[in-house]
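Take a look at the structure set out below.
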């Protein structure tokens, strides 16, 4: 029962923070440092990523279907936009893996996320659409996504800000952000599977508990994603800065003691 409760806690955090601009990686690192080895299971990481990936596929299935049928140029934009995260992600994972588990860095980057959200709230609305985005602009949005490899930097907040700076309107900046998330989450899942195979252990968590975790992450993710879309249309995403900055300051202060 204790393991089930811990998995459900992680699934809820993953489902909320994967989509709302508050950084799932940062919160999981901080939560793991508070509660011990809560977030260290590679198998659980794969399962929770699969749950939130399912949320994206459900919410954006019409856009994804359109990409496969007629908007194939956008697939090229997504490939270009994914390259920075691949290069930087592999570099950090292989050369500096310790920073991905640093609660101090996660706290500091939560503050940066809060500042980015404040900047986002001050931008003048534009009318660009993601299907008209240039290759260079897609690459730059991808650089914003690569920045979010650091724990505490929100992937959604960073890429939505990048899209808005490239001239996208509110809806399309959100849509492009989460279309970019599909290869990013798939890539993270593949790396996690690779680590799992090299480690040779799937952990002690039962299939039933893992299934519940995936279902919780999936359901919470759908709610969080729809919440983000609604608040983006209402220009409220900067409100999350009031969580990120105080939380980040608190984590930094606690880890500097």
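Including glycine, each Cβ sits where the backbone N, Cα and C put it.
What Swiss-Prot records for 4-24 (among others) is transmembrane segment, and it gives sequence analysis as the kind of evidence.
Outside the transmembrane segment (41-61), and at least 6 residues removed from its termini, the chain residues within Cβ reach (under 8 Å) are 7, 10-11, 14-15, 18-19, 24, 175, 178-179, 181-182, 185-186, 188-189, 192-193, 195-196, 199, 202-203, 205, 210-211, 213-218, 221-222, 224-226, 229. Residues or ranges marked as transmembrane segment in Swiss-Prot (evidence: sequence analysis): 41-61 (among others).
With a threshold of 8 Å between CB atoms, the same-chain residues lying at least 6 positions outside the transmembrane segment (74-94) that come near it are 67, 100, 130-131, 133, 135, 138-139, 141-143, 145-146, 148-150, 176, 179-180, 182-184, 187-188, 191. Under the heading transmembrane segment, Swiss-Prot lists 74-94 (among others), citing sequence analysis as support.
Taken from Swiss-Prot, the feature transmembrane segment applies to 103-123 (among others), supported by sequence analysis. Residues 21-23, 25-27, 29-30, 33, 150-154, 157-158, 160-161, 164-165, 235, 237-245, 247-252, 254-256 of the same chain sit 6 or more residues outside the transmembrane segment (103-123) yet have a Cβ under 8 Å from a Cβ within it.
The transmembrane segment annotation in Swiss-Prot covers 133-153 (among others).
Tertiary proximity for the transmembrane segment (173-193) is limited to same-chain residues at least six positions away from its ends with a CB under 8 Å from its CB atoms, namely 19, 42, 45-46, 49-50, 52-53, 56-57, 59-60, 63-64, 67, 74, 77-79, 81-82, 85-86, 89, 93, 130, 133, 141-142, 145, 155-156, 159-160, 163-164, 225, 228-229, 232. Among the features that Swiss-Prot reports, transmembrane segment is placed at 173-193 (among others).
If you look up Swiss-Prot, you'll see 209-229 (among others) marked as transmembrane segment.
Annotation comment: Swiss-Prot describes 236-256 (among others) as transmembrane segment, evidence class sequence analysis.
For the transmembrane segment (236-256), the residues of the chain that approach it from at least six positions outside its boundaries are 20-23, 30, 103-104, 106-115, 117-118, 120-122, 152, 154, 157, 160, 228, judged by C-beta separation under 8 angstroms.
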